[in-house]
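Feature annotations, reproduced from TrEMBL:
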- 1-21: signal peptide (SIGNAL)
- 74-385: domain 'Peptidase A1' (DOMAIN)
- ASP92: active site (ACT_SITE)
- CYS105-CYS112: disulfide bond (DISULFID)
- CYS268-CYS271: disulfide bond (DISULFID)
- ASP276: active site (ACT_SITE)
- CYS310-CYS348: disulfide bond (DISULFID)
Amino acid sequence: MQVGQLIIIPLFLLLLGHSMGQLRRTPITRQIKQNKTHANVKAEKIVLAAKYFLVDRQSSQTTQVLANGFNLEYTIRLCIGTPPQCFNLQFDTGSSDLWVPSAKCPSTNEACQKHNKYNSSASSSHVEDGKGFSIQYGSGSLTGFLSTDTVDIDGMVIRNQTFAEAVDEPGSAFVNTIFDGIIGMAFASISGGIATPFDNIIRQGLVKHPVFSVYLRRDGTSQLGGEVIWGGIDRSIYRGCINYVPVSMPTYWQFTANSVKVRDILLCNGCQAIADTGTSLIAVPLRAYKAINKVLNATDAGDGEAFVDCNNLCKLPNVNLNIGGTTYTLTPKDYIYKVQADNNQTLCLSGFSYLQGNLLWILGDIFLGKVYTVFDVGKERIGFAKLKKHSSYSAYASSYVKEPASYGIDYYSYGDDYSRFFT
């Protein structure tokens, strides 16, 4: 080996280490002891319908009697103000709003009183805004007002972030949730003109590249539920290549799926889908919902929920989604939930749900928990990769491999200084 080569190798490793340093990582906490109930699912559907401006009649009618909160498990920790006031927030790629309970909520609002609350008077960096804020959930609204303050996500400090202080949370859907509020990670076009946290992260130079990636852990018993990786990609988490597809429109993380099949039945061909970390379900159009139920021999409860015989789970088929030319397989273990009914009976609920008026495939954690997902804001595209069997995200990989050009990762589009290595 020549002397010049000996010099190049340490320099390469130094540059690679510098590239790794550009990534910021936030752990996702997973609730592992949640007793899933039928009421959980109903509460979740209220919020899901609200996000997509749909009307879920059955859920709307039962908003006031729900007792168990959503059927959701994944949160990140975020702090607001000076000194910091910290919250557990649902990480939601299906919305664009950031909201937390307000210390100004009335003592009669149970959901607010059971969670961490933001006290603007205790923050020296708070800037009053005062504009009203509202999200319609079933038969009630989450209401409040806007404020501006410093937001800290694991040392990534966002200046002048506008968010909502919630003073009224409707019904009881939010009472027993593990999260205090929500951080929306979709595009600002659906945030009412307010810059999203990731918009400000990009503008303030807190990450080198306008990308975040997500891994949701579904297996095992660890409370570590995965990671959000800000500003890049971690090759140690996935195998093969990342397959990108363009965002159909920069609102939700919406894209075109080539097809969805179960056995030899084509459920969709070139359908519009959305990657939504804020739901555990897969919401599908009515025609696909009926077709899936027929194949699963499922009983439709009449409100967009279908149940199967728990004794026949081993006979159920896989569901195959083709996105960007790659097929991703969901097994019955992935898409069937065992939930408790009001009489404590165990039921097997299909994760494929229907909401009145929905024409999209809304892909929640059932799907996203099976893949590594790259949300590329700069290029308005989304990428998926298959997970390694034992993905490790607690430490960097011990070896680094230059990505072949055939993998289709267009780093040059961000400029010559964009890292061409997965870290």
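Just so it is clear, glycine is given a Cβ too, placed from its N, Cα and C backbone atoms.
Note on the disulfide-bonded residues CYS112, CYS271, CYS310, CYS348: the fewest other CB atoms within 10 A surround the CB of CYS310. Within the group of active-site residues (ASP92, ASP276), the Cβ with the highest number of other Cβ atoms inside 10 Å belongs to ASP276. Put simply, ASP92 is the one of the recorded positions ASP92, CYS112, CYS268, CYS310 whose Cα lies nearest to the Cα of ASP276 (active site). On the 0 to 100 pLDDT scale, the domain 'Peptidase A1' (74-385) averages 92 in this prediction. Listed in sequence order, CYS112, GLN113, LYS117, ALA166, VAL167, ASP168, GLU169 are the same-chain residues at least 6 apart in sequence whose CB falls under 8 Å from the CB of CYS105 (disulfide bond). Taking a C-beta cut-off of under 8 Å and a sequence gap of six or more, CYS268 (disulfide bond) has these contacts in its own chain: ALA257, SER259, VAL260, PRO285, ALA288, TRP361.
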